[in-house]
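Look at TrEMBL and you will find 238 tagged as ATP binding site. What TrEMBL lists as domain 'Glutamyl/glutaminyl-tRNA synthetase class Ib catalytic' is 3-303. What TrEMBL records for 317-461 is domain 'Aminoacyl-tRNA synthetase class I anticodon-binding'. What TrEMBL lists as motif ''HIGH' region' is 9-19. Feature annotation from TrEMBL assigns motif ''KMSKS' region' to 235-239.
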Ligand code: GLU
């Protein structure tokens with residue numbers, strides 16, 4: 001059997017992390033089995049579907065690298081096909097027209113609720129002849145007895161009694177087909193072998209299986225993925241912060257970090273945490289997905305992102321970092337090579353936005369010293385060291401402005417003043433960076449350059465003096 005999976009989002013918003021995980025699982029499953037992955041846009045809800053949302057979904061997929069082999073197919077372009085199928089079902093007596101007025105359906109519902117039975121359509125129009133020219137809906141004739149067994153690849157066997165399912169509407173009174181009909185027609189005609197989707201669709205599955213059987217199709221295999229929870233144990237939603245995939249990109253996450261994070265939400269392979277895409281493809285099995293919902297944990301995502309920032313090609317990180325620098329008003333072409341900055345700083349940042357923020361000092365003077373760092377290191381005792389450093393650094397020719405020579409200058413000043421290196425390097429670091437953390441001081445000086453280094457030492461000296469004057 002050729003494995004064919006699909007991702008079938010409704011374009012009513014952006015691609016959120018839950019959808020992305022479902023897409024990832026479908027993608028991996030297809031890749032693992034040498035099959036195809038299809039993108040289908042379920043845009044039949046004309047009021048809620050938008051072109052922007054289609055674009056946002058595709059943008060998210062492209063960013064994550066979840067490339068599809070076929071599609072995007074748009075359900076709105078297949079309306080005629082759905083009508084043909086509905087007409088066929090009508091002709092074969094597998095569906096029927098229903099003109100039950102709203103009031104009747106409401107009364108029925110009230111009665112069922114009062115009797116504490118599950119509200120369902122009672123099949124009133126099953127045997128009736130209804131004029132096709134008069135307003136009506138079309139209902140699928142669901143089997144009245146027996147059961148549908150969903151052999152779910154994640155949850156195992158889930159039986160549904162047909163008595164629990166009613167004759168669902170497959171064509172609305174305005175002529176539009178409904179979700180359960182369009183999904184079934186598409187899954188069958190796109191020859192989907194494995195339907196991997198959120199478990200909010202599990203209760204639709206027995207209905208879909210019944211329609212598929214009525215149409216003479218063998219149902220695909222199903223795998224219902226448990227939902228993602230927020231830290232409060234409720235279904236992950238906007239209330240919990242960013243849920244859109246593209247928002248993670250904009251916040252400085254790498255696509256491989258998010259993918260790695262998403263695969264681990266509900267799936268594991270021993271205690272391995274870091275997976276390359278190739279490893280994901282060779283190791284992932286849908287049957288190993290947990291049945292329990294998993295909680296979104298941003299610390300873990302941060303940890304993975306840091307890992308990938310640190311281990312990725314610095315050239316690529318520099319390219320991705322550049323817009324984040326732009327966002328904080330820095331043009332990286334007006335300063336040290338961004339690749340060198342990335343090489344020096346990559347281990348220190350959880351996100352690209354953080355990397356931009358902590359690298360700003362290489363391109364522009366900072367506004368304020370970090371208070372505790374200044375308090376501790378920019379004191380009058382540091383003055384002689386800073387003064388001496390300034391004098392020696394000033395004498396360095398520009399071509400000597402490189403780590404080894406810079407290191408020797410600091411060493412020389414420490415020896416001359418009989419101070420340990422830290423007592424010299426830390427005040428210098430705070431003077432140059434504004435805080436007590438940066439890459440090696442020699443590399444830091446090299447990145448900042450001579451003019452800015454001298455300027456910032458002057459500023460620190462003035463700061464120390466002002467402080468001394470203020471007692
Ligand atoms: N369009 C549906 C949704 O976005 C998914 C349908 C399916 O996967 O069967 O929830």
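Backbone N, Cα and C define each Cβ position, glycine as well.
Whatever TrEMBL says is automated annotation, not expert-curated.
Listed as Cβ neighbours of the motif ''KMSKS' region' (235-239) (distance under 8 Å, sequence separation of 6 or more from its ends, same chain) are residues 16-18, 227-229, 296.
The DSSP breakdown of the motif ''HIGH' region' (9-19) into helical (H, G, I), extended (E, B) and coil residues amounts to 3 helix, 1 strand, 7 coil.
Confidence annotation: the motif ''HIGH' region' (9-19) carries a mean pLDDT of 94 in the model. According to its DSSP assignment, residue 238 (ATP binding site) is helical. Broken down with DSSP, the domain 'Aminoacyl-tRNA synthetase class I anticodon-binding' (317-461) shows 110 helix, 0 strand, 35 coil.
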